[in-house]
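Listed in Swiss-Prot:
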type	residues	note
DOMAIN	52-82	domain '4Fe-4S ferredoxin-type 1'
BINDING	62, 65, 68, 111	[4Fe-4S] cluster 1 binding site
BINDING	72, 101, 104, 107	[4Fe-4S] cluster 2 binding site
DOMAIN	92-121	domain '4Fe-4S ferredoxin-type 2'
């Protein structure tokens, strides 16, 4: 009999504790945001829409090395390499299918020229799936992105047609590695 009364008291206490918890949550600040009216907080390293950037001279940074397409685990990046008269590579077309992209950031890490970068933009909703396939013109932005002073062709020491290595601006003379051997 005492066990039965003890179970009733224990059950009533559990119910009262649950009611207090529910009512206390009713007076707290709400976690739900009214999205279009209230801006959403994004962490500093949020990975959103992918963009292609330009170097400080205004030319596109992408050298069509295809490393981003190889690093992509879902294969949503495709591009075709072309070459200018001075020997510089560029993508003839660059295409990203955002309906397949998982925004993992591996393409950004693989890019040697920092041409492909992820931005905090996440508003990419479309009614048709075909509109989620972005071409180079849709991805290319006018600015340098996260690395404003980086220029791959100056840093890498790439030979420019008509000029020997080491003769470009801000470029050191090449080192003869064989002379360093013992």
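Placed from the backbone N, Cα and C atoms, the Cβ positions cover glycine too.
Sequence features, as recorded in Swiss-Prot, placed on the structure.
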| residue | record | Cβ contacts under 8 Å, 6 or more apart |
| --- | --- | --- |
| 62 | [4Fe-4S] cluster 1 binding site | 52, 79, 90, 91, 94, 111, 113, 115, 116 |
| 65 | [4Fe-4S] cluster 1 binding site | 89, 112, 113 |
| 68 | [4Fe-4S] cluster 1 binding site | 77, 79, 107, 108, 110, 111, 116 |
| 72 | [4Fe-4S] cluster 2 binding site | 106, 107 |
| 101 | [4Fe-4S] cluster 2 binding site | 50, 74, 76 |
| 104 | [4Fe-4S] cluster 2 binding site | 47, 73 |
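Across all of the domain '4Fe-4S ferredoxin-type 1' (52-82), the predicted model scores a mean pLDDT of 92. The most crowded of the binding-site residues listed here (107, 111) is 107, judged by how many other CB atoms sit within 10 Å of its own CB. The [4Fe-4S] cluster 1 site is set by 62, 65, 68, 111; from the centre of their CB atoms, other residues of the chain with a CB within 8 Å are 63, 64, 66, 67, 79, 107, 110, 112, 113, 115, 116. The record gives 72, 101, 104, 107 for [4Fe-4S] cluster 2. Within 8 Å of the mean position of their Cβ atoms, the other Cβ atoms in that chain belong to 50, 68, 71, 73, 74, 76, 77, 102, 103, 105, 106.
For the domain '4Fe-4S ferredoxin-type 2' (92-121), residue counts in helix, strand and coil come to 5 helix, 9 strand, 16 coil, using DSSP.
For the domain '4Fe-4S ferredoxin-type 1' (52-82), the DSSP-based tally of helix, strand and coil residues reads 5 helix, 9 strand, 17 coil.
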